[in-house]
């Protein structure tokens, strides 16, 4: 019986610890108004689960902030969009995550909404 409990405990620990916040490859839609079309590019971003809790009794002295899987370090890469008009700026700069962690959502650099547009949204259609 103790062996079964130990196995269950191990698998629960593994599910919590090993499925955490980590780098993952994603495809995003890139668009520029001057070019009037979208292309898909591959980049690296953060995804996974972070330990969080929602207290039953709220303490106004200690605000309850939910932690999300977000970037700790990032770099920017620039590409040239093919097929843009010659007079337009055809360069596009996008973020690439290099390190992730569980932290507070920074609304200055991240879409913190419950249901954002998503990485594949394109206002021009593909």
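Keep in mind that glycine also has a Cβ here, set from the backbone N, Cα and C atoms.
Listed features, source Swiss-Prot:
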type	residues	note
SIGNAL	1-19	signal peptide
DISULFID	21-69	disulfide bond
CARBOHYD	25	N-linked glycosylation site
DISULFID	35-84	disulfide bond
DISULFID	38-122	disulfide bond
CARBOHYD	42	N-linked glycosylation site
DISULFID	46-100	disulfide bond
DISULFID	50-102	disulfide bond
DISULFID	105-112	disulfide bond
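Here the features listed in Swiss-Prot are painted onto the structure.
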residue : record                      : Cβ within 10 Å
25      : N-linked glycosylation site : 9
42      : N-linked glycosylation site : 9
46      : disulfide bond              : 23
50      : disulfide bond              : 15
69      : disulfide bond              : 19
84      : disulfide bond              : 17
100     : disulfide bond              : 23
102     : disulfide bond              : 18
105     : disulfide bond              : 16
112     : disulfide bond              : 14
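Residue 35 (disulfide bond) is surrounded by 19 other CB atoms, counting those within 10 A of its CB over all protein chains shown. Of all the recorded positions given, namely 35, 38, 42, 84, 105, 112, none has its Cα within 10 Å of the Cα of residue 21 (disulfide bond).
If you measure from the Cα atom of residue 112 (disulfide bond) to that of residue 69 (disulfide bond), you get 11 Å.
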